[in-house]
Every structure is written in C-alpha cells, then in structure tokens.
Amino acid sequence: KVYGRCELAAAMKRLGLDNYRGYSLGNWVCAAKYESNFNTHATNRNTDGSTDYGILQINSRWWCNDGKTPGSRNLCHIPCSALLSSDITASVNCAKKIVSDGNGMNAWVAWRNRCKGTDVSVWTRGCRL
C-alpha cells in the first residue's frame, strides 16, 4: 500500500508515534517519505547482505527475521514480512523499539540526511489530526 501523507500521519498518530521519545509526528512522516516514499511494500538490499523492509525500512540484521540474513538478531521478534503489511502496526511497534535503542531517530539514515534539523511540521500541515 502507498499511503497518502495525511493518511499516514493519522495512522501513525493513532498508533502512538506523535512525540514518542520526543519526536513529533512530522519527523516520522518525513522519515517514511524518504525511506520508502510511503510504500509499505518497499524492500532494499544492503551491501552487508541484510535487507530493509517496509514503510520505515527496518533492517533484517538487527530487527526482524527474513530467514536469509546471516547472524540476524530479530530484536523485534517478528518476521520481516510483517513489516510489508498495509497495516503499519508491526512497523510502528518495531520503530518504537529502535528509537528507544540509544541513537533515537539517527538510526534512520534518510531521517538524519533529509529531516533532522529541518522544519518537519510541513509534513503534517493541513492534515486533520
């Protein structure tokens, strides 16, 4: 599923991401835009043999099990396929674990490069939330 901007903002808010660990909703919507272009089915292979999955491009080396990543830790205790669902609950729950891990949203390279330090309120502007 490819989410609309406001549709995704509303879903993320409903699942408790607004100001989770101090990150406003705009940060999460911005991250999703530049990680997956709001597409829940996005997958991208990394040079280390791991794969990033879903709307927030969650990595199989650490966070989920895809059955093909050597030494996978599966810290969210989920199959990576769960992160490709049109229902973003699994992605959001795992993202909460990731952002609580010590580096905050810096865990997402696209957030660090494209969203961090910018006015992320534009990502929720005009949305009925």
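Along the chain as shown, residues are numbered 1 onward.
A Cβ is built for glycine as well, from the same backbone N, Cα and C atoms used for every other residue.
Per Swiss-Prot, the feature domain 'C-type lysozyme' maps to 1-129.
Per Swiss-Prot, disulfide bond is recorded for Cys6-Cys127 (among others). Contacts of Cys127 (disulfide bond) defined by a Cβ separation under 8 A and a same-chain sequence distance of 6+ are given as Arg5, Cys6, Ala9, Ala10, in order along the sequence.
The Cβ of Cys115 (disulfide bond) lies under 8 Å from the Cβ of Asn27, Cys30, Ala31, Tyr34, Met105, each of these being in the same chain and 6 or more residues away along the sequence. The feature disulfide bond is assigned by Swiss-Prot to Cys30-Cys115 (among others), with sequence analysis given as support.
When Cβ atoms from all protein chains are considered, those within 10 Å of Glu35 (active site) total 23, not counting its own. The feature active site is assigned by Swiss-Prot to Glu35 (among others).
Among the features that Swiss-Prot reports, active site is placed at Asp52 (among others). For Asp52 (active site), the same-chain residues that are 6 or more apart in sequence and have a Cβ closer than 8 Å to its Cβ are Glu35, Ala42, Thr43, Asn44, Asn46, Ile58, Asn59, Ser60. Taken residue by residue with DSSP, Asp52 (active site) is part of a strand.
Taken from Swiss-Prot, the feature disulfide bond covers Cys64-Cys80 (among others). Cβ environment of Cys80 (disulfide bond): Thr51, Tyr53, Ile58, Ser60, Cys64, Asn65, Asp66 lie under 8 Å away, each six or more residues apart in the same chain. DSSP assigns Cys80 (disulfide bond) to a helix.
Other C-beta atoms found within 10 angstroms of the C-beta of Cys76 (disulfide bond) number 22, with every protein chain shown included. Annotation source Swiss-Prot lists disulfide bond at Cys76-Cys94 (among others).
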>> At 10 angstroms around each C-beta, which of the disulfide-bonded residues Cys6, Cys30, Cys64, Cys94 has the fewest other C-beta atoms nearby?
In response: Cys6
